[in-house]
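Trainee: First, the structure itself, so that you have it in front of you.
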Amino acid sequence: MNMSALTFNSTPMITTATATDDRSRILGYNGTHSCSRLSRKKNPSIMACSTTKPLAPVVDHHGVNESGLSRIESLSQVSGVLGCQSGDEGKGKLVDMLARHFDIVARCQGGANAGHTIYNSEGKKFLLHLVPSGILNEGTTCVIGNGVVVHLPGLFKEIDGLESNGVSSQGRILVSDRAHLLFDFHQEIDGLREAELAKSFIGTTKRGIGPCYSSKVIRNGIRVSDLRHMDTFSQKLDLLLSDAAARFPDFKYGGPDMLKEEVERYKKFAERLEPFVTDTVHFINGAISQKKKILVEGSQATMLDIDFGTYPFVTSSSSVAGGICTGLGIAPRVVGDLVGVVKAYTTRVGSGPFPTEITGKVGDFLRSAGQEFGNITGRPRRCGWLDIVAVRYCCQINGFASLNLSKLDLLSDLSKIQLGVTYRLPDGSILNSFPSDLHLLEHIKVKYEVLPGWLSDISSIRKYSDLPKAAREYVERIEELVGVPIHYIGIGPGRDAFLYK
């Protein structure tokens, strides 16, 4: 494939990168045009930011123009943002932007296996795992719902990091008393479980998510409300630790001494957590009655859902629309508009089938330019063309009212872009649905449509109509194939790098 590289003209504020000729060589350089994106070394915790002001016109409403404001204000009282691929789509950025127009932002499932990256108005990067992405907006209350599994040391570390950067959490973060506690030992046995699976490993984040949900399902888990009863907490924790030791010989339970130490630790945690603990079911339903606007922030994505994802290479919770009701305790009839977030190409971290995966120069380029390394593990993400079959399947399950197409700017270097539009079986017949059979999925052939690239920097554009014709054709072809309108388009990491269609 013939691709064109960029001439770099930005002044980096924080970066470990250098602009070298390597990128031009890799991309088969044959022309010049300007762009502010840098080729960066693998370091997912560092982001290059330009000190130059954007070329976009100044707009009101915190960077949202009139068209965007109309889109946002039309969203229903209870709306949601969910992943439409395999995670890492950019949900946090959309939630951060929408949160300014909502009273409450709520997490309904998952745990610290989420990694949502957002930026404040000064361009400072925040990586959130448990705290909802609405936290940077002072008027927003952030709810951690009953469906979330909460690792208290991680939560407090996150809160401390926010506080040290001037972001107050006092009175703004509510933790469900029904949420289950994720302990350090859950993380340890998560790793032991992966070691047991050997070559069949799932590729978890080793954050203890699966073991904690397992404790919940077999009904010996410990909930946040149990911290109010430390007289029985010790007995419950002893049962959990004993079960882990019986199941995993390599897990060393130190008996009474270890138990006593852990109980004392959680007594301190309980005292600190108490101001945050709330009956969030009562709180959210009360807010609905008071006509407050609520935005639900999904974590992971549909293709990682425990039921509808590429099982067993999935997460341990319901990351589709149905998880909103079970994870927050609200009725299905109150859930309104859902926005699916779709990256302009496809990525996946960890194991599992990947029909449109790209190997070689193009895949390496997308990984490097897009900083495609897992927010949790730092593992390089696998990259591929946009899989229309999978996206259509996700839209069918969730009933998305609209989509957010993120990272469109990352395709600006490509002279040709492919869309995976059809799955074909080995015998040549068309597969009309996304298969549950992974063996079948690994052997399907993908039929592609090839679209022209636009080979120009779009990161400073702020009106959809100003996009190059080829970029608009790419967006509109996705809409045609999927059958869901794209209302939001991400064209860079910054808060204002958004287009409204």
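Backbone N, Cα and C define each Cβ position, glycine as well.
Positions annotated as active site, proton acceptor by Swiss-Prot: Asp88. Taken from Swiss-Prot, the feature active site, proton donor covers His116, and the record attributes it to sequence analysis. Taken from Swiss-Prot, the feature GTP binding site applies to 87-93, 115-117, Arg381, 407-409, 490-492, supported by sequence analysis. Under the heading IMP binding site, Swiss-Prot lists Asp88, Glu89, Gly90, Lys91, Asn113, Ala114, Gly115, His116, Thr205, Arg219, Gln300, Thr315, Arg379. The Mg(2+) binding site feature in Swiss-Prot is assigned to Asp88, Gly115. Taken from Swiss-Prot, the feature substrate binding site covers Asn375, Ile376, Thr377, Gly378, Arg379, Pro380, Arg381.
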Trainee: Please report the Cα separation of Arg379 (IMP binding site) and Lys93 (GTP binding site) in Å, rounded to an integer.
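Mentor: About 21 Å separates the two Cα atoms.
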Trainee: Measure from the Cα of Gly90 (GTP binding site) to the Cα of every one of the recorded positions Asn113, His116, Gln300, Gly378, then give the nearest.
Mentor: His116
Trainee: For Leu408 (GTP binding site), which residues in the same chain are close in space, meaning a Cβ under 8 Å from its Cβ, but six or more apart along the sequence?
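Mentor: Same-chain residues close to Leu408 (GTP binding site) (Cβ under 8 Å, separated by 6 or more) are Ala344, Ile458, Ala471, Tyr474, Val475, Ile489, Gly490, Ile491.
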Trainee: Under a three-state reading of DSSP, tell me whether Gly378 (substrate binding site) is helix, strand or coil.
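Mentor: It is coil.
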Trainee: Just to verify: the residue among Gly87, Gly115, Gly378, Pro380 with the fewest other Cβ atoms within 10 Å, which of the binding-site residues is it?
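Mentor: Minimum Cβ neighbour count within 10 Å, taken over the binding-site residues Gly87, Gly115, Gly378, Pro380, occurs at Gly378.
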Trainee: Cα within 10 Å of Gly87 (GTP binding site): which of the binding-site residues Gly115, Gln300, Gly378 qualify?
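Mentor: For Gly87 (GTP binding site), the binding-site residues whose Cα atoms are within 10 Å come to Gly115, Gln300.
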Trainee: Pick out which of the recorded positions Lys93, His116, Arg379, Arg381 has the most other Cβ atoms within 10 Å of its own Cβ.
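Mentor: The largest 10 Å Cβ neighbour count belongs to Lys93.
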Trainee: Is any of the recorded positions Asp88, Lys93, Pro380 within 10 Å of Gly115 (IMP binding site) (Cα-Cα), and if so, which, in sequence order?
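Mentor: If one measures from the Cα of Gly115 (IMP binding site), the recorded positions that come within 10 Å are Asp88.
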Trainee: If you compare CA-to-CA distances from Asn113 (IMP binding site) to each of the recorded positions Asp88, Lys93, Arg381, which comes out shortest?
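Mentor: Smallest Cα separation from Asn113 (IMP binding site) among Asp88, Lys93, Arg381: Asp88.
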Trainee: With every protein chain in view, how many other Cβ atoms are within 10 Å of the Cβ of Asp88 (active site, proton acceptor)?
Mentor: 26
Trainee: For Lys93 (GTP binding site), which of the listed binding-site residues (Gln300, Gly378, Pro380, Arg381) have their CA atom within 10 A of its CA?
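Mentor: So the list is empty; none.
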Trainee: Let me know how many other Cβ atoms fall within 10 Å of the Cβ of Gly90 (GTP binding site).
Mentor: 23
Trainee: Out of the binding-site residues listed (Thr117, Gly378, Pro380), which are within 10 Å of Asp88 (active site, proton acceptor), Cα to Cα?
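Mentor: Qualifying among Thr117, Gly378, Pro380: Thr117.
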Trainee: How would DSSP class Lys93 (GTP binding site) in three states?
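Mentor: It is helical.
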